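Colleague: To start, I am sharing the structure in question, which I have written as structure tokens.
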Amino acid sequence: MQASGTTAAAADSTKMEGFWSSWKCQGTVAMELLYWRDVKQSGLLFGSVMLLLFSLTQFSVVSVVAYLALAALSATISFRVYKSVLQAVQKTDEGHPFKAYLDMEVSMSQDQMQKYAENVQYYLNSTLKELRRLFLVQDLVDSLKFAVLMWLLTYVGALFNGLTLLILAVVSMFSMPVVYEKYQAQIDQYLGLIRTQVNSVVGKIQEKIPGAKRKAE
């Protein structure tokens, strides 16, 4: 029994290492974009996402998708007709203007599908375990923190809808990393003070509520 448990733990550890290594490369690319290492790429991504979100505030999802599809089709059809006319006038035979993209492999392999499915399964299982731990009060302090967070979210939800929060989140994602990188020392100082105050309050709560104090490991 102990050997099987050790084997399962080793397998889980190996799987987690695989997940982290697979996300590491993607995370590096994302950080490059969020820190505006390439201003052109970051600006294009930020502008596209914000345009999409602001469009969703004015139109329904169906309308936005339809308009985006029509815009893309208008561009590709116009370019296709332009190239065909140009080839007819110049009497050249360059072929389809999008041939290189049409020949590209866009299908996902079975290994890739299995990899993404395992990632989704891992994070879903982790989320379900964490929610079970919080709602069934495995640790009273963590459950109280979660309750306070949900209570604060009721006020946030009364002030902003989900789409507005998403817009604010995107703006924060593309601004906060740059601000933190520039003022890291000052921000760390204030965060340290806040963390000290929070830990002090949590410690007082643990002392006054029976069963709230964590067991020493």
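Backbone N, Cα and C define each Cβ position, glycine as well.
Copying in the features that TrEMBL gives for the protein in this structure:
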- 30-217: domain 'Reticulon' (DOMAIN)
- 44-73: transmembrane segment (TRANSMEM)
- 159-180: transmembrane segment (TRANSMEM)
Colleague: Same-chain Cβ contacts of the transmembrane segment (44-73) under 8 Å, 6 or more residues past its ends?
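Modeller: Residues 33, 163-164, 166-167, 170-171, 174.
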Colleague: Across the domain 'Reticulon' (30-217), what is the average pLDDT of the model, as a whole number?
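Modeller: Over the domain 'Reticulon' (30-217), the predicted model scores a mean pLDDT of 86.
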